[in-house]
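J.: Sharing a structure here in structure tokens format.
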């Protein structure tokens, strides 16, 4: 099983809040039959399952602490192993957030095939998030919070991008355009993997 993961197509999807990476991931799943894994979703699902790991996570998150990397990787690996036979590949969404996370992923799971960098400018991301805030009711979609989230994102992501860029596996997508324009760039990169 572990060997199958080493051979699987694994794509790290990195993009700021409001870059549209979630939408692009959905479209990739529909067209290419990849499995979309978001560490945030996995954590939330584990917590609501009420498992012993879920209870431990819940108490960590309630204190506002970061979930240990070890735990996140175990969950990712479990989720990938469960799907490795039925999936055409994996989209790992919002991971790695720092270089160490990427290195540990490779040590414990496998090497990424590509890092898809969904890149939109700060103005675009802010506008999209404010618009989403009008309809989503998400508390973190107001201008002040957005500014902080973008700063955090840039600080964390730049080293990750340059780490994988040195290996030549970063594919930058200009995410300023419409959903379909952006997706056609994504397809160019994914089609080249077949």
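Just so you know, glycine gets a Cβ as well, placed from its N, Cα and C.
Sequence annotations record features per position, and here Swiss-Prot assigns ATP binding site to 18, 19, 20, 21, 22, 23, 132, 177. According to Swiss-Prot, the feature AMP binding site maps to 39, 44, 65, 66, 67, 94, 95, 96, 97, 101, 138, 149, an assignment based on sequence analysis. The N-acetylmethionine feature in Swiss-Prot is assigned to 1. Here Swiss-Prot flags 38 as phosphoserine. Annotation comment: Swiss-Prot describes 38-67 as region 'NMP'. Residues or ranges marked as region 'LID' in Swiss-Prot (evidence: sequence analysis): 131-141.
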J.: Express the distance between the Cα positions of residue 95 (AMP binding site) and residue 20 (ATP binding site) as a whole number of Å.
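T.: Per the Cα atoms, residue 95 (AMP binding site) and residue 20 (ATP binding site) stand 15 Å apart.
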J.: Measuring Cα to Cα, how many Å separate residue 19 (ATP binding site) from residue 38 (phosphoserine)?
T.: 15
J.: Sequence gap of 6 or more, C-beta under 8 Å: which same-chain residues meet both conditions with respect to residue 67 (AMP binding site)?
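T.: The answer is 43, 57, 60, 61.
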J.: Per-residue pLDDT averaged over the region 'LID' (131-141) comes to what?
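T.: Mean per-residue confidence for the region 'LID' (131-141): 72 out of 100.
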J.: What counts of helix, strand and coil residues does DSSP assign across the region 'NMP' (38-67)?
T.: 22 helix, 1 strand, 7 coil
J.: Select one residue from 19, 23, 38, 39: among these recorded positions, choose the one with the most other Cβ atoms within 10 Å of its Cβ.
T.: 19
J.: What's the CA to CA span in angstrom from residue 132 (ATP binding site) over to the residue listed as 'phosphoserine'?
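T.: Residue 132 (ATP binding site) and the residue listed as 'phosphoserine' have their Cα atoms 19 Å apart.
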J.: Using a 10 Å radius around each Cβ and all protein chains in view, which of these binding-site residues has the most neighbours: 18, 22, 177?
T.: 18
J.: Highest Cβ count within 10 Å among the binding-site residues 97, 132: which residue is it?
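T.: Top count of Cβ atoms within 10 Å goes to 97.
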J.: At a 10 Å cut-off from the C-beta of residue 95 (AMP binding site), count the other C-beta atoms across all protein chains.
T.: 22
J.: Just give me the nearest neighbour of residue 21 (ATP binding site) among the recorded positions 38, 39, 65, 97, Cα to Cα.
T.: 38
